[in-house]
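According to Swiss-Prot, the protein carries these features:
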DOMAIN    8-204  domain 'tr-type G'
BINDING   20, 21, 22, 23, 24, 25, 134, 135, 136, 137  GTP binding site
C-alpha cells in the first residue's frame, strides 16, 4: 500500500494566466529545473505545454493539459487552464481536480478580464491562490502596482480572508529565476517550488475506501481508443480491475480497466497501482463522457455532475454549395461534417450541435466567437470544406423576460484614440464602468456591453487605434435586452456577376468603387463578394471584362494598370465582417465570402418578398 507519507508529498495545482503572460514558459522552466526532463536546462522545445499547432501559432492555450514534476521527493501535478473565457468549459473541470491555483500575472499589465473569469471560478471552488508576478525584468515593469491591482481584484471577487492572505513570488520565467522580493531574485525557480510545497495542501482523500473517480478530461489514441483523465477521489485502482461506470443521467454499465497511466513531465507511463489524490489516465472502458463517475463494482456511488457554462453564441455550419465546392477539401459531405462535429463534442463540453430540418445545415453553439472559430480553423486544417453563417447571440427567457448575454470588456488604448473608441462603444450600447489613465499616455477602459455589440467590433477597433489598441472580453451575465439594432455593417459589398478569371483591367476600373478583396487572375464565381463598396448599398459588378481591342492604334495608349493591395481577411475577420445574408466559405486553401443567394435575380426576388411582408 502506498503509505501516508506519499499522499503528504503530493500537490495538485492549476495554473491561471492571461494570454501571453508567460504561463507556458513558466511550466517549461519548472520542468527543466526539476530535472524532470533528462537534461536540466537541456534542449527542450519551447512552450512544451502548447501541443496543438493552432495553440503554438496563436499563443493561446485551448485545451487544458496535465504534467507532473518530481522535486525533492515531492510530486507536483500541474494542470494548465485555458486563459480564455470562451473555453470556460475546460476551466470548470480542471478546478475540480486541484487543491490550489497558481495565478500568473504580467508585471506590467496586471490582472486581465480573462484571469478574472478563471479566478472567480477558483474562489467559488474554495481554492487558495499563490500569485506569481512574472516578467519583472521587462521595461516598464511595476510589480508593486500589480500586487495592489491583484488584491483589489480578489476583494471585488469576494475572496475570503484566507484567500486574501496569499503568498507572492516574483519571477522572470524566460530567464528561469524567481524570488520573494522583486529586487532580489534567486539563481533559479527554487522559491516557487518551495512556495508550492509549503502553501498547497496535500489532497484530502480516503485511501482505504472503495475506488471512485470522475472523468474530467478525455483524450483519444488510435491504439487504445478513448482515454479518461481525472483525479482519484478515494481508494486505489489497478489495471484489469472490474469497475462500474455511471453516466451523467445515472445509467450504469460494467467495464474493466485496461492501463492505468501516470504523468511524468509531458509523458504518460504505465502504473501497477494508483491511489487517491493522484491525477491519472485510464484506458479500456470504451466510450466515456466527461463527468462520468467510475467506481468500485460493490459501491456504486455517483459524484455530482460537473456544471459547464451554457453557450452564448450560435452559428450555422453548412455543406459548401459554392461552384468551387470539393476542389480543395478532402471531407465535403454533410455526413463527414456531422461526424467531425460529434467527435468534437466528446471533449469540447461547452459546445452544442443540433441538426436542422435541412440535412446539409447544423446549428453549432459555443461560448464565443473565438471558441467556434478555433473549431472551424482546426477543421479547415484537417481537410474539411464548409460554409459558416454570421454568429448570433443566444437569447434566454428568464422569469418570463427575454434576456441577452453581456460581456465585460477591458480596453487598453493610447489617449489620442480614447474619444473615437468610447464613441464607437457608446453606439454599440456599451456602458463605461471604469477609466484608468496610466500617466504615460495610455488609458485602460472597463466596459459592460451586450455580446452582439462586440460581434464585428474587433476589426473596427484595430482600424481606429491603428493597431495599437488591446481588447479583451469575457462573458459576464445575462440581462434585459437593449433596444435597437447594434453593430450593423455600414458598407455594402461588391459582388461578382459571373464565374471566371478576374482580370486586372476590370479590377482597375472597380477600384474607385471601394476596396477590393482579390488579386488579378484569381478564379471567382457568381455571387462571390470581391470587395467592400464605398457606399452602403451592395453593387453587382463585372470583374471578368478584358479590354476592347477594336481601335488597334489606341489599344496601347492607356497608362499602365496599377492595382492597390487587396484587403485580406483572416477567418475571424471574415466571420465578423459578414451580414445575415452572407456566408464564409472555408476550405483548406482559401477563405472566401459569398452571398447566400448567388444570382442577382434570386437576391432581388428575396428582397421583394421581405419588403412586401414588412409593408403588410
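Each residue, glycine too, has its Cβ placed from N, Cα and C.
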Q | Residue, out of the binding-site residues 24, 134, whose Cβ gathers the largest set of other Cβ atoms within 10 Å | A | 134
Q.
DSSP secondary structure for residue 136 (GTP binding site), reduced to helix/strand/coil, please.
A. coil
Q.
Around the C-beta of residue 136 (GTP binding site), how many further C-beta atoms are within 10 angstroms, looking at every protein chain?
A. 24
Q: Calculate the per-residue pLDDT averaged over the domain 'tr-type G' (8-204) and state the result as an integer.
A: 75
Q: Write out the long-range same-chain contacts of residue 22 (GTP binding site), meaning residues 6 or more apart in sequence whose Cβ is under 8 Å from its Cβ.
A: 104, 106, 134, 135, 173, 174
